[in-house]
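Colleague: Copying in the features that TrEMBL gives for the protein in this structure:
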TRANSMEM  26-43  transmembrane segment
TRANSMEM  55-76  transmembrane segment
BINDING   K122, E123, D152  UDP-alpha-D-glucose binding site
ACT_SITE  D152  active site
BINDING   K291, D315  Mn(2+) binding site
ACT_SITE  D457  active site
TRANSMEM  499-517  transmembrane segment
TRANSMEM  529-548  transmembrane segment
TRANSMEM  568-589  transmembrane segment
TRANSMEM  610-630  transmembrane segment
TRANSMEM  658-677  transmembrane segment
TRANSMEM  689-707  transmembrane segment
TRANSMEM  719-738  transmembrane segment
Amino acid sequence: MDESLSTSPARAPLLHSLRHARRTDFNRMFAAVYFCAILVLLYRHALKLIHSATFASFLISLSFLISDTFLAFLWFTRQCFLMTIVYRDEYPENLQKTLLLKKSSSDFPALDVFICTADPYKEPPLRLVSTALSVMAYDYQTEKISVYVSDDGGSQVTLFACMEAAKFAYHWLPFCRKNNIIERSPEAYFAANHSSWSFDTEEIQKMYECMKQRVEKVLEKGKVGEEYITEELERKAFSKWADHGFTRQDHPTVIQVLLESCKNKDATSHLMPSLIYVSREKSRTSSHNFKAGALNVMLRVSATMTNAPIILNLDCDMYSNDPRTPLRALCYLLDPKLMSQLAYVQFPQIFHGINKNDTYSCEYKREFRCNPLGLDGVLGPTYVGTGCFFNRRAFFGGPSTIVPPEIPELGPNSVVNKFIQSQPVLELAHKVAGCNYEYKTKWGYEVGFKYGTLIEDFFTGFRLQCEGWRSIFCNPKRAAFLGDAPINLVDALNQLQRWSIGFLQVMFSSFCPLTFGTRYLGPLMGLAYTHYCLWPTWFIPLTLYAFLPQLCLLHGLSIFPKLSEPCFVLYLFLVLGAYGQDLLEFLIGEGTVQKWWNNQRMWMIRGLSAFLYGSLEFFLKFLGISTYGFGLTSKVIDDEQSKRYGQGMFEFGASSNMFVPLITAAIINLVSFLMGLVQVLRGSKMEGLFLQMFLAGFVVLNALPIYEAMVLRKDKGRIPFKTTATSTCLALALYGLVSLPHGNRN
């Protein structure tokens, strides 16, 4: 580090700046007023509970007290993201001035990139190829970049795709440099409509199409035929799959160095980045700890080969969209005021291919773009599993106390002075990738990515901050990374169900954010992490409000204040205040009203499906009744599904039990709303039932795609008849079960 940069910051160029959001004071005042209103509501529920005249009224009052207590706590913890909102800007041009003009280029640290994949049939290999090439083509010293592909499926198809990427990189990297291309994912570049095409562009596109066809043919066959093997080294690599004992769940370690930066050069004689394929050893008798286990293997293997101080973690479908992204991350990681405490720089997850109004609300705008702005004003954002630049040192204890690994070569300060393909390096790399290597070590608990939950990203970031590290949220105007989002409802809900289980695992662990987190991080960060961990409990208030008021409406039982009662104003303020604040934050986060509507609709859908089933599965496992595993979200796009998704149609096609509570609620709300409407048309006074009518109507409005998929649609995305019939029978059973005598009306 330049002495002037560390001792004379006034003379050093500015690397980044920070400014506080102007709405912070308003958020704090509103929170104070709204909290008082919540206390009044809970006090009212408590009084009604105490003075209940019948058992039915007692149960109703108790249900609303429990439900609104959950809503109150979730709202309260949500405010932690709105109290310290900050925005940051980076100045990578000043970084270059400081570290390139005043010093030699060697002052840029080496960068190890981890790209994770697990199944070539759910995560297309061509997406992996584009992601790998996009980071290999960074505006960075190519000889300092090492790309490690973690194939947790142990597929020869994935290895073949990586080999093809290495061959194509020979032409692609100089093409990007020569033409100063911004979109360095070939898939994204060739899909874009460019104003002018040169002869070079046509030639490189032909090469890409040829590579694409070869990979797709191998994927279709499921194995690499002799016609695709051109070198003896390739034949030797693929011979490992010839062993009949080689399966996805049971196979030896496979490490293949495809490019080595000190040896391989591109078409213009520039050194190329290193590219290494890694498939860790798997055994049916050993625990593999899901993605966290794979990442820890990558930490160890990369330590034996390159041991770069900076690590970039990416999912296989999250390609780089800006070649200057590493420089933006270095604006923080090389800042002398931050570097000793900074664990990681997190970029937001941003998705391409989402339809105009984001039907399934898969952008997760609050979680990936809005909430991190608030956390960044305290100790920093959560780690979201991709698009994150790590300080390798952070995986080995807190900022002031290092936890040494079991062998010195794996330590963050170890210097690799041997070639990647030298015998000692390869032997050690194979050793540390073994499935039993971690036995009786601190990996996954004190060292590396943390075990104990399906959401290793969230838990690892949380634990790092508890150890004393902080993080930074970097959100440039041009998206740093772009990835794929689910385009059908089943995949979207399955993904969220897995997250729900993981959050509850953290909540009920010894590292509970409400206790452990608050003690080590302070109340704001502790409660913010608690908010995430209690996500699945949204199913409690959402389920109650989806059924109880509507079933009471069917029996003419009033459970909310009348329009003429003062308490009606309280309900009105609470509803409009919550939705108004949420809409405002969504619009400030560059959302639209239509996207917000779809977002709140999906929130109700998630509550009655993924949150409900995720919580149920967790507690069944907790009681030793059921088991769960890690499920991948499919990235394969069906043409018909894609067309319906582009039209904004809901995709219900697959028969899933997760849809049953959702459709049951839609049926009950529709019937109760229509029955109430009939009473109004007959001249009945509905003043006491107005809020219940409004609530049922609101649900009906949100459930229009469900009714359409039940009755009107004939395509493959409609709701299966079996699911509709099951839900209808359940709705009738619920109505019969809660039938109350008219004498119990309030």
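Cβ from N, Cα, C; glycine included.
Any idea what these are sitting next to in the structure?
Modeller: Non-local neighbours of the transmembrane segment (26-43) in the same chain are 65, 68-69, 72, 75-76, 79, 82-83, 85, 570-571, 573-574, 577-578, 581; each lies 6+ residues outside the stretch with a CB under 8 Å from one of its CB atoms.
Listed by sequence, the residues of this chain that lie at least six past the ends of the transmembrane segment (55-76) yet keep a Cβ under 8 A from its Cβ atoms are 34-35, 38, 41-42, 45-46, 48-49, 527, 531, 534, 537-538, 540-541, 544-545, 548, 552, 559, 578, 740, 744, 746.
All chains included, 22 other C-beta atoms sit within 10 angstroms of the C-beta of E123 (UDP-alpha-D-glucose binding site).
Long-range C-beta contacts of D152 (UDP-alpha-D-glucose binding site), restricted to its own chain and to partners at least six residues apart, with a cutoff below 8 Å, comprise C116, T117, A118, S279, R280, H288, K291, A294.
All protein chains included, K291 (Mn(2+) binding site) registers 20 other Cβ atoms within 10 Å of its own Cβ.
Around D457 (active site), the same-chain residues at least 6 positions away in sequence with a Cβ under 8 Å from its Cβ are T382, Y383, V384, G385, T386.
Away from its own ends, the transmembrane segment (568-589) comes close to residues 23, 30, 34, 37-38, 40-41, 44, 75, 82, 365-366, 369-370, 560-562, 595-596, 599-600, 691 of its chain (Cβ-Cβ under 8 Å, at least six residues beyond either end).
Residues of the same chain lying 6 or more positions beyond the ends of the transmembrane segment (658-677) and with a Cβ under 8 Å from any Cβ of it are 490, 493, 497, 543, 546-547, 550-551, 553-554, 605, 608-610, 612-613, 652, 686, 689, 692-693, 696-697, 699-700, 703, 706-707, 710, 719, 723-724, 726-728, 730-731, 734-735.
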Colleague: Within 10 Å of the Cβ of K122 (UDP-alpha-D-glucose binding site), how many other Cβ atoms are there?
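Modeller: Its Cβ shell of radius 10 Å holds 15 other Cβ atoms.
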Colleague: Have a look around D315 (Mn(2+) binding site) and count the other CB atoms within 10 A of its CB, chains all included.
Modeller: 23
Colleague: Measuring Cα to Cα, how many Å separate K122 (UDP-alpha-D-glucose binding site) from D315 (Mn(2+) binding site)?
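Modeller: Checking the Cα atoms of K122 (UDP-alpha-D-glucose binding site) and D315 (Mn(2+) binding site) gives a distance of 13 Å.
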Colleague: What's the longest C-alpha separation between any two of K122, E123, D152, the listed UDP-alpha-D-glucose-binding residues, in angstrom?
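Modeller: Farthest-apart Cα atoms in K122, E123, D152 are separated by 13 Å.
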Colleague: Expressed to the nearest Å, what is the distance separating D315 (Mn(2+) binding site) and E123 (UDP-alpha-D-glucose binding site) at their Cα atoms?
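Modeller: Answer for this pair: 10 Å between alpha carbons.
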